[in-house]
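Taken from TrEMBL, the feature region 'Disordered' covers 1-24. Residues annotated as domain 'ABC transmembrane type-1' in TrEMBL: 84-268. The transmembrane segment annotation in TrEMBL covers 91-112, 124-144, 150-169, 212-233, 245-264.
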């Protein structure tokens, strides 16, 4: 009996170490590529700086990155933050309105063939209208305050989210729906427990696309009838012949777009961590 007890105790003592060893020894196989991806834009900026300084590129058209940073520094943190804050608030309000409406309308059209047949032709026509074509209409209807800008951003965010919701619900495997019928799930329970989880990957992709388009439509909204914001800086730089200001606004837009998309990616990994998908790092690491 004593030898068996010692063996069991030894196995129990070793079990936690064996369970923890895969996690402790796990390494990110893409770490070098991620570092290279972060270094790539800085390398491009260094090459651009070198090309402008040595006369390969005309500095009156393409300013050196150091000149762009100097322009932003001379503007001051307070002024730059004021423009960033104005644009960010407009994008947040427009995206929330457009994506929220798209989720509701898209769910209704995805669940009901009748509603889809009623609304789809109209949405197809509206989706084909360019963003700038909405500007004079919104200015006539809503004036020159914040309302037309936020409405234009909401229009930009609406359509990709709407399409993703409809497609996500329509692409749910019929066997899953039949399984819900076997378990006698009601409409609300069927949507919450089967349709929504199955459609969520496409919905999140639509939200990311809608957020990107919200930033693009924000620039179109601020190019006209705006006194602050990154779109206003673009327009001001163009009118005053200052490419450093134009490229400074573009740089800020790129940074903000990257930050917001990174936040959406974190939300995506949190919401969709349960998927056993090809590109899911959680399941890849556990293998």
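Backbone N, Cα and C atoms are what each Cβ position is placed from, and that goes for glycine too.
Packing against the transmembrane segment (124-144) from elsewhere in the chain are residues 151-152, 155-156, 159, 216-217, 220-221, 224-225: each is 6 or more residues past its ends and has a CB under 8 Å from a CB in it. Sequence-distant contacts of the transmembrane segment (212-233), counting only residues of its own chain at least 6 positions beyond either end whose CB sits under 8 Å from a CB of the stretch, comprise 82-84, 86-87, 90-91, 94-95, 98, 131-132, 135, 139, 144, 148-150, 152-153, 155-157, 159-160, 245-246, 248-249, 252-253, 256-257, 260-261.
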